[in-house]
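The feature transmembrane segment is assigned by TrEMBL to A:28-52, A:58-78, A:85-105, A:111-130, A:137-159, A:179-199, A:211-231, A:261-280, A:301-329, A:341-360.
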Amino acid sequence: MPADAAMAMDERVKTEPFLARLMKRPELGAIGGVILVTIFFLATADSSMFTLSGIMNFLTPAAQLGILGIAAAMLMIGGEFDLSIGSMVAFAGMIFGVLTVNLGLPLILSIPATFVFAALVGAVNGLIVIRSGLPSFIVTLAGLFILRGASLVGLKLFTGGSTQLRGVREAVEGDMLTPLFSGDAFGFFFTWLADIGLIEKFRSGTPKVPGIPVEILWFVLVALVATYVLLRTARGNWIFAAGGDRNAASNSGVPVDKVKIALFMATACAAALVAIITVIDSGSTDARRGFMKEFEAIITAVIGGCLLTGGYGSAIGAFFGAIIFGMVTIGLTYTSFDQDWFQVFLGGMLLIAVLFNNAIRKRVTGER
Amino acid sequence: MTRPLVELIDIEKHFGGIRAVDRVSLDLWPGEVVGVLGHNGAGKSCLMRILSGAMTPSAGEIRVNGSPASFSSPNDARAAGIETIYQTLALADHLDAAANLFLGRELKTRFGNLDDARMLAEARTVLARLNPNFKNLRDPVSSLSGGQRQVIAIARAIYFDTKILIMDEPTAALGPSETAMVADLIRQLRDEGIGIFLVSHDMHDVFELCDRVVVMNKGRLVGAHAIHEVSKDDVLSLIVKGELPADWSARNLMAEAAQ
Ligand SMILES: Nc1ncnc2c1ncn2[C@@H]1O[C@H](COP(=O)(O)OP(=O)(O)OP(=O)(O)O)[C@@H](O)[C@H]1O
Ligand SMILES: [Mg+2]
């Protein structure tokens, strides 16, 4: 047979130009956006924005948002939203703070416990959405208020009336897990770079950038894991299928309900991770933590190429979406523009990204 | 073979007060095509969905090869060799042909990753068997034509060890040449010994392809006949009125009598 013919066909498929395949990727818009924003700030911002310390400066908020954004992207690909993740950051922060400070638990216990709490809340969100058949938008909107309020009440309860819980830094000082969630990594490497004169140092001899903030490493790790799951595992296909057409997916034998509940749990855990990192970093937690982050996370996912209707999107796209977000937030402080342009700028980015992604998607999917 | 592939016995399905399927009994033998007819809302899709595991019956029994079976998910039915092609061409739009073919039953490498290369190769082989012109294996299926989508759905159904194939209006979304292709395919599968339920509104297709017809009316089975003992008018009467014309007698018997 046709072995030869099959070979020939293989060739034909493989020869589809690399560039053409690239042009079809959902994250193309976000990558283009990073380039555009970089050009914009190269032209308008102080040159210190693109020094090593400047880059760390905008990557740090990008990382915190990106961890949420990537989770939101996966959930959106799976056809659901979670508007409660911002409040979840506050709630998980409260749980984590109480466990570490009030109960004095070591991180090896308090961190897993915080994740378990978050996963439970995520599972409840998921179960309600699945069982009721209501849009997750509405169900998690309720969660947005409930978790925010619960954080406030909880904090007051555990602190005896304050909405801020202090003393986290003291409590985790010297804990062997602390370096995994706060501070800078690869310090020795940066010291070495400074020693051989590759990066700037203070007069004292210590490098101006002491290392890579750990949240940036978490951000990269989350992006890699999410991309691996989406593109290289069966679960990834199930997520795309469940979000695209849940009936088609379940008729094909995809356990749609389980997939969606797992996604809600993962999203809540992403919020818990951000909570743990930022709470240890600031040494305290308060009820306003993560305020509005749900919208920023969704914007990140959409800039990253996710379709609001589900079934389409990319974790790498959300990764770059978060970097755009970080650049715009921090970048304006390096320019002579009034800071208050921030939201205008952000809205503009969102609009351009959505229009662009829409055009690409239509080309790829052959929709009209 | 002395045993039907599958028997449905007194199957019922209620939605609140509606009896979508009302005590229906039906069987299917190897290498036969049974047409399932009835007007819109007669309960055909419900009956088929029950057999394919996508819907649980309110009452009744399913037997596969003589032994009782109960399906709580499409995967259960699939494990029993029952595959379904849905009225709505149920595919995952943003995935490509190979991913759709293997959705829920992905081929994996030793490390548990998706084995894209092997799935692509397998998909190419099975799709080529159905339609030599099938080329766009890497495109999301939303960009394919109705006929191409149907080929994927059929490939999905026959790739695995299939004994019973349920086709719920497989040609409803197709053009004439694509319909002819599906008809050829049905004959080919029947000759391989697969039993096929063909739900259709197209009388021409039914008389062309089926060995037997059963007719549903308001959830009830109102007739089951070998195809050569009824005429199109007889079947139409069953569909519309739920009964045969008053002066009916089996066509083949009449032909014999005339000789
Ligand atoms: N999930 C459901 N919930 C409630 N009622 C349903 C459900 N599915 C089907 N029905 C009802 O059951 C009856 C039979 O529907 P079914 O889809 O089996 O009809 P059909 O014979 O396939 O019709 P068509 O030719 O239009 O496809 C209809 O009255 C329909 O409204
Ligand atoms: Mg139907």
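Positions of Cβ are set from backbone N, Cα and C atoms, glycine also.
Cβ atoms under 8 Å from those of the transmembrane segment (A:179-199) belong to residues 52, 107, 111, 172, 205-214, 217, 276-277, 280-281 of the same chain, restricted to positions at least 6 beyond its ends. By the Cβ criterion (under 8 Å, sequence separation of 6 or more), the transmembrane segment (A:85-105) is not in contact with the transmembrane segment (A:28-52), since fewer than 3 such pairs are found. Beyond its flanks by at least six residues, the transmembrane segment (A:261-280) meets 64, 67-68, 70-72, 74-75, 78, 80, 82, 84-86, 88-93, 96-97, 111, 114-115, 117-119, 121-123, 125-127, 129-130, 168-169, 172, 178, 181-182, 214-215, 218, 222, 239, 289-290, 293 of its own chain at Cβ-Cβ distances under 8 Å. When each of A:28-52, A:58-78, A:137-159, A:211-231 is scored by its Cβ pairs under 8 Å to the transmembrane segment (A:301-329), the top-ranked stretch turns out to be A:58-78.
In this chain, the transmembrane segment (A:137-159) lies out of contact with the transmembrane segment (A:58-78); the count of Cβ pairs under 8 Å, excluding pairs fewer than 6 apart in sequence, is fewer than 3.
Where the transmembrane segment (A:111-130) meets the stretches A:28-52, A:137-159, A:211-231, the count of C-beta pairs under 8 angstroms peaks at A:137-159. A Cβ distance under 8 Å defines the sequence-distant neighbours of the transmembrane segment (A:137-159), meaning residues of its chain 6+ beyond its ends; these are 81-84, 86-88, 90-91, 93-95, 97-98, 102, 121, 125, 128-129, 165, 285-287, 289, 294.
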